[in-house]
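Student: I am attaching a structure below and will ask some questions about it afterwards.
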């Protein structure tokens, strides 16, 4: 009997019953994919969807993003009814589009419009990775190009928040040509003295990273964002070298001169406000007709 006192007993983990799981409504708790901490969802939302334990930036949808940076009630949306078709008759593409529309309550992977930041008018575009992984098809490219042209007409800055897996394969070359179309629109805006701020969020990859996302007068990013063209494995197989652990992160790009700043979500609105304030009455006043 005494000998049993010094024997290490096996530890058992209690597994919640199915009834216990059902007692916690869906969406009440959120698990951080980085530190694995489980938190109340309302606590994460209150903190702009940033983990209160490790600072991981959870993805934001387009409306959450707009609410976090624009003055309350100032946003006016552009081209809301524009939707993608299936010009290449790609199998199941229309069904997938319809599924994403129902799931996200969006017509496409980008929301564009105008609003104010501390009463300064801007045209803004926000990509939403919930819709076809934020991929760029004809409508995404067209909406962004139109938004840039609107910024040109209004003589105001253009700001974009990117989150994308790249060009949309279901639209083939029609998708790839959006890289050129958006870049040309931005060049016109730039030549006229227009300010363009690009904010890259997780993930910004493929044709989006290789076109408009990297063309900002200011290129910013959120902490830990994955930014790059090809995938890590493809690059390693091509160069036959092991890449650094932090390769293609926002911090790696900042260290190597490809970003101007990595900005915490808490500081994003204020950082944008300061940039806009610097350019008020400066180069923005020297518009060419």
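Note that Cβ sites are derived from N, Cα and C of the backbone, with glycine treated the same way.
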Student: Name the residue range among 32-54, 55-77 that Swiss-Prot annotates as zinc finger.
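Tutor: Spelled out, Swiss-Prot records zinc finger over residues 32-54, not the other listed ranges.
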Student: Where among the binding-site residues 32, 51, 54 do you find the Cβ with the fewest other Cβ atoms within 10 Å?
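Tutor: Per-residue Cβ counts within 10 Å for the binding-site residues 32, 51, 54 bottom out at 54.
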Student: Summarise the zinc finger (32-54) by DSSP state, stating how many residues are helix, strand and coil.
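Tutor: Per DSSP, the residues of the zinc finger (32-54) fall into 6 helix, 4 strand, 13 coil.
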Student: Taking 8 Å from the centroid of the Cβ atoms of 32, 35, 51, 54 as the cut-off, which other residues in that chain fall inside it around the Zn(2+) site?
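Tutor: Filtered neighbour residues, in order: 33, 34, 36, 37, 52, 53, 55, 56.
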